[in-house]
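Structure record follows, encoded as structure tokens.
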């Protein structure tokens with residue numbers, strides 16, 4: 001969901017920047033991390049419950 005992604009991205013980007021990493025590095029890292037997290041959560045929801 002878009003709001004969750006934005007929250008994940010904003011938090012990640014701030015933490016990444018605070019560590020002294022560059023904007024583009026953080027943008028790519030956080031975009032990937034948060035996209036993967038989003039996909040993972042969706043997959044968890046689709047798994048059949050045994």
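In case you wondered, yes, glycine gets a Cβ from its N, Cα and C as well.
For reference, Swiss-Prot has these:
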- 8-34: disulfide bond (DISULFID)
- 12-30: disulfide bond (DISULFID)
- 16-26: disulfide bond (DISULFID)
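It is 8 Å from the Cα atom of residue 34 (disulfide bond) to that of residue 12 (disulfide bond). In terms of C-alpha distance, the listed disulfide-bonded residues 16, 26, 30 place 30 closest to residue 8 (disulfide bond). Annotation for residue 30 (disulfide bond): spatial neighbours 8, 9, 12, 13, 16, criterion Cβ-Cβ under 8 Å with sequence separation of six or more. The 10 Å shell around the Cβ of residue 34 (disulfide bond) contains 20 further Cβ atoms across the protein chains shown.
All protein chains considered, the CB of residue 8 (disulfide bond) has 17 other CB atoms within 10 Å. Non-local neighbourhood of residue 26 (disulfide bond): 12, 13, 16, 17, each in the same chain, at least six residues away, with C-beta under 8 Å from its C-beta.
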